[in-house]
Amino acid sequence: MHPLLVQQFANKFSLLKHLGRSTATVQRFSFHPSKMVQIKEGDKIPSIDLFEDSPANKVNMADLCAGKKVVLFAVPGAFTPGCSKTHLPGYVDRADAIKSSGVQEIVCVSVNDPFVMSAWGKQHNTGGKVRMLADPAAVFTKQLELGADLPPLGGLRSKRYSMVLEDGVIKSLNVEPDGTGLSCSLADKIKV
């Protein structure tokens, strides 16, 4: 490990001890010298809670995908033009065809609150076709390393992507080259 990193850890450790923090607290503040890597094909979907319809209705992604074939797609924001005119409607229109190929769930994720995702889903008649899941604090998005800083939309948002999962394992992942475009992640491009 680089000597500077060792010194930074020692400083952090001694400061926390000085403040009377427990060893467990100190261990929580450990760091990793390597950058996180974007999730990839062959990885398992993380066990993170998203929200459906309200903050009271948690949906754990690992549990949702366990034992199922799932298509998941993410958008930068609900009610935005590309998401509302093309991306979400494409999955709603093709839901029956996608599900007829063995997919049990189609899931839309966005860094929005669950009330916004619910209203957006109702506007596009997603009931029984596409589950609208909110990632309000971008925890899921950050864990996948698929975030994009989009200040006009409020800061950290999700890149636009789609994936096919089987029993929680990513079988295919299609991330838009610029993170926001409308090409490889569209419903008519998904290969199940």
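Note: Cβ is positioned from N, Cα and C throughout, glycine not excepted.
Note that the structure is a prediction, hence the values are computed from the model and not measured.
The active site, cysteine sulfenic acid (-SOH) intermediate annotation in TrEMBL covers Cys83. Annotated domain 'Thioredoxin' per TrEMBL: 39-192, in sequence order.
Residues near Cys83 (active site, cysteine sulfenic acid (-SOH) intermediate) in space but far in sequence (CB under 8 A, at least 6 apart, same chain), listed by position: Val75, Pro76, Gly77, Ser110, Arg160.
Across the residues of the domain 'Thioredoxin' (39-192), the predicted structure has a mean pLDDT of 94.
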